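*Asks:* Among the features that Swiss-Prot reports, active site, proton donor/acceptor is placed at GLU213. Annotated substrate binding site per Swiss-Prot: TYR154, ALA155, LEU156, SER161, in sequence order. Annotated Zn(2+) binding site per Swiss-Prot: HIS163, ASP170, HIS216, in sequence order, evidence recorded as similarity to another entry. For 37-56, the entry in Swiss-Prot reads region 'Disordered'. Positions annotated as transmembrane segment by Swiss-Prot: 7-23.
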Amino acid sequence: MKKLFFLLLLLFLIYLGYDYVNEALFSQEKVEFQNYDQNPKEHLENSGTSENTQEKTITEEQVYQGNLLLINSKYPVRQESVKSDIVNLSKHDELINGYGLLDSNIYMSKEIAQKFSEMVNDAVKGGVSHFIINSGYRDFDEQSVLYQEMGAEYALPAGYSEHNSGLSLDVGSSLTKMERAPEGKWIEENAWKYGFILRYPEDKTELTGIQYEPWHIRYVGLPHSAIMKEKNFVLEEYMDYLKEEKTISVSVNGEKYEIFYYPVTKNTTIHVPTNLRYEISGNNIDGVIVTVFPGSTHTNSRR
């Protein structure tokens with residue numbers, strides 16, 4: 001009897017230890033900001049890094065390409081804005097890792113499917129393991145049919161849904177509705193660590209124009225998801241924040257990122273680093289955002 005008691009006690013302590021380690025890991029997530037009252041060029045010159053920068057010409061088309069596009073009733077998706085790596089997930093077993101599909105016609109950006117799989121695998125390690133993808137990318141024709149069948153109360157016209165961009169997906173739980181499921185709570189608390197945001201939170205319906213959708217997540221990438229989580233921003237607020245601040249330095253878990261906003265009219269010249277990785281994304285309105293990543297790898301991309 002004593003042996004059984006000690007065995008149960010040992011198992012209980014192991015459980016507590018695991019839970020404590022998980023809590024400790026999550027509590028270490030840290031976001032620190034530094035804003036600069038100057039334009040991007042001045043910041044680069046004053047920081048002594050201007051010799052490591054080069055000029056780059058940005059065209060108006062780039063305003064409508066990237067992971068940070070604001071898509072809503074005012075700013076629709078353009079056909080050229082759609083992610084170029086859309087695939088049928090049911091034909092890519094390597095991308096379906098840790099979650100299920102509602103049916104065999106779920107399409108997604110390959111890049112974002114990989115990010116989602118990484119996130120879900122970490123959730124599974126913590127005991128949250130009943131994720132399914134109910135909807136991913138929809139082309140404009142499919143969106144038009146959905147709008148005609150469902151009406152304005154339940155669907156958006158073609159071009160006005162984030163699903164038309166390839167940047168968003170609807171996530172469900174095989175247990176219950178997302179507002180009650182462990183999967184829904186986990187996403188709300190942790191998705192930002194993997195570059196995802198809950199696009200339509202319950203307390204921001206007046207800003208987004210969309211009712212609360214605990215299942216709809218959107219990829220924006222780090223450090224943007226971390227900033228939005230820390231400041232309780234939806235994408236509409238974040239775009240305004242970037243335009244107002246113009247230059248932001250942020251540390252996420254000790255990794256320093258720099259973010260620059262540039263307004264774009266016709267062909268605009270901006271400054272980018274020559275020795276650091278960076279990404280350029282449009283905002284789908286009137287400018288581009290340059291994100292400079294930690295490290296010294298000289299690669300860049302236009303998302």
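Every residue, even glycine, has its Cβ placed from backbone N, Cα and C.
Map the listed features onto the structure and describe their local environment.
*Replies:* Reduced to three states, the DSSP call for GLU213 (active site, proton donor/acceptor) is coil. Neighbour density for GLU213 (active site, proton donor/acceptor): within 10 A of its CB lie 17 other CB atoms from the protein chains shown.
Under the three-state DSSP scheme, SER161 (substrate binding site) falls in the coil class.
HIS216 (Zn(2+) binding site) counts 21 other C-beta atoms within 10 Å of its own C-beta, drawing on all protein chains shown.
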*Asks:* How many Å separate the Cα atoms of LEU156 (substrate binding site) and ASP170 (Zn(2+) binding site)?
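*Replies:* So the alpha carbons of LEU156 (substrate binding site) and ASP170 (Zn(2+) binding site) sit roughly 15 Å from each other.
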*Asks:* Tell me the Cα distance separating GLU213 (active site, proton donor/acceptor) from TYR154 (substrate binding site), rounded to the nearest angstrom.
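*Replies:* Distance between the two Cα atoms comes out at 12 Å.
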*Asks:* Measuring Cα to Cα, how many angstrom lie between HIS216 (Zn(2+) binding site) and ALA155 (substrate binding site)?
*Replies:* 13
*Asks:* Which of these recorded positions is closest to ASP170 (Zn(2+) binding site) if you go by CA atoms: ALA155, SER161, GLU213?
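*Replies:* Closest by Cα: GLU213.
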